[in-house]
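TrEMBL annotations:
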- 1-38: region 'Disordered' (REGION)
- 68-89: transmembrane segment (TRANSMEM)
- 119-138: transmembrane segment (TRANSMEM)
- 145-163: transmembrane segment (TRANSMEM)
- 169-191: transmembrane segment (TRANSMEM)
- 223-242: transmembrane segment (TRANSMEM)
- 298-318: transmembrane segment (TRANSMEM)
- 349-370: transmembrane segment (TRANSMEM)
- 382-402: transmembrane segment (TRANSMEM)
- 409-427: transmembrane segment (TRANSMEM)
- 439-459: transmembrane segment (TRANSMEM)
- 480-500: transmembrane segment (TRANSMEM)
- 506-523: transmembrane segment (TRANSMEM)
Amino acid sequence: MAAAAADNGVDQGVEELDAPPSGDVDVLQGPRREGNVPEQVEEFLGPQQEYDEEEEERKYYRRKRLAVVKNVLGASVGGMIVYSVYMGLLQMQLILHYDETYREVKYGSLGLEDIDRKMLMGINVTPIIGLLYTPVLIRFLGTKWMMFLASGIYALFVSTNYWERYYTLVPSAVAIGVAIVPLWASLGNYITRMAQQYYEYLNYKEEHVQEQKKFPKGACHRYVIIFQSVFYIFFHLSFVFAEFPMAFFLNKFLSPSTHILFSVKECGAKSHGVIPDLNKTVLEHLPRSLVLIKVESVLMGAAFLSMIIFLALCGAAYRPTEEIDLRSIGWGNIFQLPFKHLRDYRLRLLCPFFIYSGFEVLFAIKGLILSYGVCSVGLEKLWLLVMVYGLSSSSSSFLSLATLRLPRLITLLGGAVVHLALIVALMCWSPDPITIKPYINHLPELLVLTALWGVGSALNKTGLSTLLGMLYEDKERLDFVYTIYHWWQALAIFLVYLWSGLPMRAKLAILLIMLLSASVCYWQMEHRLARKVPFRLPRIPRPRHKQKPCYAFCAVAQI
């Protein structure tokens, strides 16, 4: 009886607690919910009347396309900043180290001239072996991370200028030589892959896109042309920004041209080497060390900014499964495939153009701007000539968009015709130094020649990168093809480094022969393609994924 009474008391207490005080609001549980709860849950989780699946899919792929555009702009701006910092610092460093007074006062018997020679040798000689390791590095690290790592090596080169010694400058220069070919191969591969991704996200309803099959031939050409043009529009601006240290800082310390060019007697086609008999003292007064540190710190900040841009703004070039497939064909096959691709007559016939591409860009600086420009109008005009070259190249990269309407050979052969006319003109022209005929100003003619050379350079660089993206549409071949292109280009730059002491007319003759042979070989390649002559492509091995043995499954199967 007592237990029953206790139970009744508990029940009564619970009922009292459960009963709401006054009104319809429960103090502990909130307002009561009326109606059938399962129906409300089903209505909430069921298909919404306002939800449009097709519209949401369209918005999703539009965001994907905007992300691709962001990737292209990030890679373009990052590459531009890297080379702006590299070329600007190298130019300032070589001018300062050339001055005899600067070397003696700042560094005494350190031997900066010898260090500079070995540093340039490291930058120009090391890329010769780039063909051996570039595809392996790109596949091991991935395209995005290869660009990031290479930009970090360029930042390392900037940091070594805080403490200029043999053991800092020369190893960092060798590291840059190692990174040149992988960086450029990654950039070419990345921009072309972005064009392919843009096509995928634009035509996401197509069956071959949904099943991740090969694209129809020529489907991505339009986007390859546009994206490569955008990349070179930004990249050629690096020549403009590279002259900021010269224009706003170093020019204030230069001696007058009458002093720098006092012993120079010949310029242009009559000259030997770069600028013969240039005065050993080019600085009127020396810059303070603190000011130099400030300039180098600005360049260091820009180098770090390029690393952040590559890291934060550039997305992956391949899906994770695609990257696994690219690596799993075997490292031995990855090492051999660049050499096997040279069996393709298209690449073999383009090799002379690759070599000429390296020749002409270095001749524009060391030949046209220095041997013709600085030799005749003075060192204080160097920044102006290089800026005109960069602006002309950047603006002329728009001309490559004509490939959207015109045959693609117009771009490359058009640039070749411009350079052919300029080479012939330069062979016949020897401007007098400003010290011999100060009343003659050659600056207008030099600005026109430099701008026209920039037009040819833009058509050459943009045309070659676009052409490779159009000829090789398989995403698993892009890194091999761009590695071959930039390796030949680096080899040509090394040859230009070797011939620095030749007479100017000999250099121009080599350029002319290479340009004519490159144009003939390219025309022959297009002629063979028009006749549908079959080309030989090496077979890409199938991915070999390593799978761990499943002992439990085997045991069950045996049972």
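The backbone N, Cα and C atoms fix where each Cβ goes, glycine too.
Curation does not apply to TrEMBL; its annotations are automatic.
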Contacting positions for the transmembrane segment (506-523) when only residues 6+ beyond its ends and CB under 8 Å are counted:
269, 349-353, 355-356, 359-360, 363, 367, 409, 412-413, 416, 419-420, 423-424, 426-427, 499
Have the transmembrane segment (480-500) and the transmembrane segment (349-370) got at least three CB pairs under 8 Å, pairs 6 or more apart in sequence?
yes
Selection from 145-163, 298-318, 409-427, the stretch that has most Cβ pairs under 8 A to the transmembrane segment (68-89):
298-318
Mind checking which residues reach the transmembrane segment (409-427)? Cβ under 8 Å, same chain, six or more beyond either end.
268-269, 353, 360, 368, 372, 399-400, 402-403, 449, 452-453, 455-460, 462-464, 466-467, 505, 508-509, 511-512, 515-516, 518-519, 522-523, 526
Taking pairs 6 or more apart in sequence, does the count of Cβ pairs under 8 Å between the transmembrane segment (169-191) and the transmembrane segment (349-370) hit 3 or more?
no
Closest-packing stretch to the transmembrane segment (298-318), where packing means Cβ pairs under 8 Å, from 119-138, 145-163, 223-242:
145-163
In terms of Cβ proximity under 8 Å, which residues at least six beyond the ends of the transmembrane segment (223-242) contact it?
72-73, 75-77, 79-88, 91, 187, 191-192, 194-196, 198-199, 386-387, 389-391, 393-395, 397-398, 400-401, 403-404, 454, 457-458, 461-462, 465-466, 469-470
